[in-house]
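See structure below.
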Amino acid sequence: MLTTLEAVTLGAATFLLSLLVTYAVKKLARLDQPNHRSSHHTPTPTGGGLGIVLAFLCTLLYIGASQYSAVYALCAAGITLLAFVSWLDDQTPLSAQTRLLVQAIAASSTLPLLYELGVNHWWWPCVVLAMMWLINLYNFMDGTDGLAAAQALVFCLGALLVLPSPSLPLQLLLIAGCAATSGFLVFNWPPARIFMGDVGSTVIGLVFGIILILIAENITTLIGGLILLAGFITDASYTLFVRFITGQRISQAHRTHYYQKMAFSKGTHYAPLLSYLIIGALVQWPLAFLAMRAESQIWILYLAGAITVHGLFCVIYKAGCPDDCANPTIRVGTGIQ
């Protein structure tokens, strides 16, 4: 168990690391040019998620060294590969095949961790596919100022608050996640002065997959972890399903997620950002707390409750339906991305 001093030291170190790296990247990074699916209208630096990546890497290497375990170093190697290729993709778009291959390799770097935790090998392919889905899911959902960082805070801080007895590696990763995303959010709060980029969003998806593996001591704690990610999981899955059944090209870039439509409808990034934070704190955290302590299979109701709340927003804003936001009216200073 971490002492208060150790937790504060780790939090301060990863916050400052993320803050300083994000500031440096803001000065040096390539400008992201607006396009047909963008929510911003002025060129903005991208790649600010690099600070979060470095914070997670340092934390994983520390965990591996302190526990004399190579599995966390292997996870760090997978993250490094994914971050490097995603950074290249931020500069010059790579083919979907290249990205998927790298994502599969990065996701497979967690297999030794599954072995060490005693996960039945029949589950391994499912875990790798789930990790790849999380990587892409987080990348899909990074489209308005502050949203991806807000979901990270809902997940990491929520897990710290509601987990019955988190392991030491889990505590370290969650504290690093809270602090590093807060450091980045200083520059990504609307109107954003820098974007996360694929280098940040893909890695966060992979790290959250690792955290879910560590959380999953039993079905109830795993369900609690999924409840904390219910916003992104529901919006991404619902939108993909609607696009598929309506004959749209699901591989084509779009801006029909409910969070995007909400931002355009309200004319400000604050709408989806604040809704995620409020729903996270008032709905998802309590439901995750109850699910992790549920007897029998009542956890199904708590998971359904979290999905239903975000699902209602998907229905209200017609997530996945053809883009009707070709000429949105944006209030000055909101920085629609």
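Including glycine, each Cβ sits where the backbone N, Cα and C put it.
Look at TrEMBL and you will find 6-25 (among others) tagged as transmembrane segment.
Annotation comment: TrEMBL describes 46-64 (among others) as transmembrane segment. Long-range contacts of the transmembrane segment (46-64) within the same chain, counting only residues at least 6 positions beyond its ends with a Cβ under 8 Å from a Cβ of the stretch, are 10, 14, 17-22, 25-26, 29-32, 70-73, 75-76, 79-80, 83, 87, 90, 152, 168-169, 172-173, 176-177, 179-181, 183-184, 187-188, 194-197, 199-201, 203-204, 207.
Note on the transmembrane segment (70-88): residues 47, 50, 53, 56-57, 60-61, 63-64, 94, 98-99, 102-103, 105-110, 112-113, 115-116, 135, 169, 197-199, 201-203, 206-207, 210 of its chain, located 6 or more positions outside it, place their CB under 8 angstroms from a CB of the stretch. Marked as transmembrane segment by TrEMBL: 70-88 (among others).
The transmembrane segment feature in TrEMBL is assigned to 121-140 (among others). Sequence-distant contacts of the transmembrane segment (121-140) (same chain, six or more residues past either end, CB-CB distance under 8 Å): 82, 100, 103-104, 106-108, 110-111, 114-115, 148, 198, 201-202, 204-206, 208-209, 212-213, 232-233, 236-237, 239, 257.
Under the heading Mg(2+) binding site, TrEMBL lists N139, D198. Around the Cβ of N139 (Mg(2+) binding site), 24 further Cβ atoms fall within 10 Å across all displayed protein chains.
Annotation comment: TrEMBL describes 147-164 (among others) as transmembrane segment. Within its own chain, the transmembrane segment (147-164) is flanked in space by residues 52, 138, 141, 170-171, 174-175, 177-178, 181-182, 184-185, 188, 196, 200-201, 204, 208, 211, 215, 221, 224-225, 228-229, 231-232, 259, 269, 272-273, 276-277, 280-281, 284-285, 288-289, 292-293, which lie at least six positions past its ends and keep a Cβ under 8 Å from the stretch.
Feature annotation from TrEMBL assigns transmembrane segment to 194-216 (among others).
Annotation comment: TrEMBL describes 222-246 (among others) as transmembrane segment. Beyond its flanks by at least six residues, the transmembrane segment (222-246) meets 137-138, 140-141, 151, 154-155, 158-159, 162-163, 208, 211-212, 215-216, 254, 256-259, 276, 279-280, 284-285, 287-289, 291-292, 299, 302-303, 306-307, 309-311, 313-314, 319-322 of its own chain at Cβ-Cβ distances under 8 Å.
Annotated transmembrane segment per TrEMBL: 267-287 (among others), in sequence order.
Feature annotation from TrEMBL assigns transmembrane segment to 299-317 (among others). Long-range neighbours of the transmembrane segment (299-317) within the same chain, counting only residues 6 or more positions beyond its ends whose Cβ lies under 8 Å from a Cβ of the stretch, are 219-220, 223-224, 226-227, 230-231, 233-235, 238-239, 258, 261-262, 265, 275, 279, 283-284, 287-288, 290-291.
Here D198 (Mg(2+) binding site) comes close to S86, W87, D89, D90, N139: these same-chain residues lie at least six apart in sequence, with C-beta atoms under 8 angstroms from its C-beta. Only residues 6 or more beyond the boundaries of the transmembrane segment (6-25), in the same chain, are considered here, and those with a CB under 8 A from a CB of the stretch are 45, 47-48, 50-52, 54-55, 58-59, 171-172, 175-176, 178-184, 186-187, 194.
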